[in-house]
Each structure stands twice: as structure tokens, then as C-alpha cells.
Amino acid sequence: MNTKSKTFRNVALFSLVAIICGWVGVGVDKLLGQPSNLESLGALIFIATPLLCMLLLRLFGGDGWKDIPLKPNFKQNARWYLFAFAVYPVVIGITLCIGQMLGWADVGKFSFTAYLPILATAFLPEFIKNIFEESVWRGYLTLKMEQLTKNEWLIYLVVALVWQTWHAPYYLVFLEDGYLSQFFPYGGLWLFVYGFVVVGVWTIMYTEVFFLSRSLWVVILMHTMEDALNPLISEGFATIPPDKTLLISPTFGAVPLLIHLCIGLYLRKIRKRKN
């Protein structure tokens with residue numbers, strides 16, 4: 001089997017495992033007679049299995065370790081680390097300012113001094129969690145797709161489809177309805193469907209900053225900042241009326257998604273010009 005055929009086989013196998021592992025976790029919870037939530041064994045299976053699959057494919061499936069981008073390259077990537085740290089706070093800040101001006105959001109309870117300790121507390125657990133996630137989505141699937149095709153649109157498509165489909169049991173089973181409704185008031189099924197749009201837009205930005213930096217740590221930092229800002233909504237620092245969620249929600253609104261799309265396409269332009 002030649003290298004490209006082996007890579008295709010491994011990408012297909014990894015994608016299949018990623019798509020079904022969360023549902024296996026739900027089944028394990030049922031067999032054990034315990035509820036499926038973010039503290040269950042099923043949730044651990046959901047989170048850890050893609051990473052385990054990646055490790056096995058690198059160890060025994062012929063993928064090897066040479067292409068894994070573990071070097072931080074701080075000096076040459078200084079601007080990309082700054083970008084990764086700032087992009088979500090800046091975009092969310094712009095979004096909430098627009099929402100406040102138009103009466104679509106209420107940020108009257110926001111305070112930097114009150115929020116910074118919450119951000120600091122959330123940062124480390126989210127950073128550790130995103131080592132798991134980004135090691136597989138950028139550090140494996142994106143890299144392997146790049147080895148199969150130079151068509152970045154196909155890379156975006158495959159990564160986004162697998163990444164979002166992996167989330168299905170998270171939205172539909174593991175995530176508590178009360179917590180979910182704070183961010184998206186239309187239920188887990190519609191969030192899963194709409195999430196293909198969100199993840200599709202984000203994938204462009206994540207892929208391009210990863211290609212520009214060639215460091216896993218840049219995208220881990222960016223993903224961590226996104227997750228660490230969730231308490232803005234869950235802790236009541238910003239309030240979005242349900243009928244304005246699809247317009248101005250920091251995660252799901254059309255306003256931030258349009259900004260992220262423009263950023264991703266601009267990063268693509270930078271990479272193309274650089275190459």
C-alpha cells in the first residue's frame with residue numbers, strides 16, 4: 001500500500017471512530033445504569049477516543065510522528081500567538097457592543113474586575129481539554145487531509161463535517177438542557193444542525209492560522225480563549241434575548257460569524273500571498 005492510500009485509509013478510519021465514539025460512550029453509560037453527562041464514563045470515552053485513535057494510527061497505522069507540529073516556535077509565531085489570544089475577545093467585544101447599541105444585548109452587569117478571575121480559573125482546564133481536541137482536529141485530521149489534497153476547500157469541508165458530527169452526542173445527550181438553553185434556546189437537535197454553519201466558519205479560521213503558524217500550540221490557545229469566554233453568558237455578564245440569539249450571540253450569532261468568516265478568508269489570502 002502506497003503512502004497516499006495508507007493516509008486515506010487512516011483518515012477514513014479515524015473519521016469513523018470519531019463519529020461513533022460518543023454514541024458508544026452513551027451506550028456504556030446505559031449499560032452501567034448511570035446518567036450520561038459531562039462527568040460520566042461515556043463523556044470520557046467521547047473526549048478521549050479520537051486522541052487514542054490518533055495515537056494508535058501514528059504508532060501502528062503507518063502515520064508516524066514526523067509531521068506532528070509540537071514545536072511552539074515562539075519567535076517566528078509571536079504575531080500568531082497574539083492573534084490566537086486576542087481574536088475571540090475582540091470579536092465578541094465588537095459583537096456585544098453592537099448588540100448593546102441596537103438593544104439586542106444587555107452587558108450592563110459586565111465588569112473586568114469581576115470577570116478576569118473567572119477567565120483565569122477557566123483557562124487551565126480549558127487549555128488541557130483543548131490539547132485533546134486540537135491534537136486530533138488540527139494536529140491529525142487537518143494535517144492528513146493536507147497530505148491528500150491541496151484543495152483547501154475540501155480540507156475545510158471534511159474537517160468541519162467530522163468535527164461537528166463528533167459533537168452530536170455532546171449536544172444531544174451529554175450537555176444539560178438548562179446550560180445549553182443559556183446559549184442556544186432552540187434545543188440540542190437544532191444546535192447540532194446549525195452547528196455545521198458555525199463549525200464550518202470556524203474551521204476556515206482555525207485551518208488558516210494553523211497553516212500559517214505550523215504550531216499546534218497556537219490553535220490550542222485560540223480554542224482555549226473561545227471556551228474560556230463562555231462564562232460571559234453562563235454567569236450572566238451578558239444577556240441575549242432568545243429572539244436575538246441568531247443575530248448577536250457571541251458564539252452563534254450572524255454578526256460574529258460574519259466577522260470570523262472575513263478573518264478566515266483574509267488569513268487564507270495572507271497564506272496564498274506568502275506561498
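Any Cβ shown, glycine's included, is placed from N, Cα and C.
Keep in mind that TrEMBL annotations are predicted by a computer and have not been checked by a curator.
Database features, via TrEMBL:
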- 121-228: domain 'CAAX prenyl protease 2/Lysostaphin resistance protein A-like' (DOMAIN)
- 7-28: transmembrane segment (TRANSMEM)
- 40-60: transmembrane segment (TRANSMEM)
- 80-102: transmembrane segment (TRANSMEM)
- 153-171: transmembrane segment (TRANSMEM)
- 183-202: transmembrane segment (TRANSMEM)
- 245-267: transmembrane segment (TRANSMEM)
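In this chain, the transmembrane segment (153-171) lies apart from the transmembrane segment (245-267): fewer than three C-beta pairs between them fall below 8 angstroms, excluding pairs fewer than 6 positions apart. Beyond its flanks by at least six residues, the transmembrane segment (183-202) meets 156-157, 160-161, 163-164, 167-168, 171-173, 175, 177, 230, 233-234, 242, 245-246, 249, 251-252, 257, 260-261, 264 of its own chain at Cβ-Cβ distances under 8 Å. Per DSSP, the domain 'CAAX prenyl protease 2/Lysostaphin resistance protein A-like' (121-228) is made up of 96 helix, 0 strand, 12 coil.
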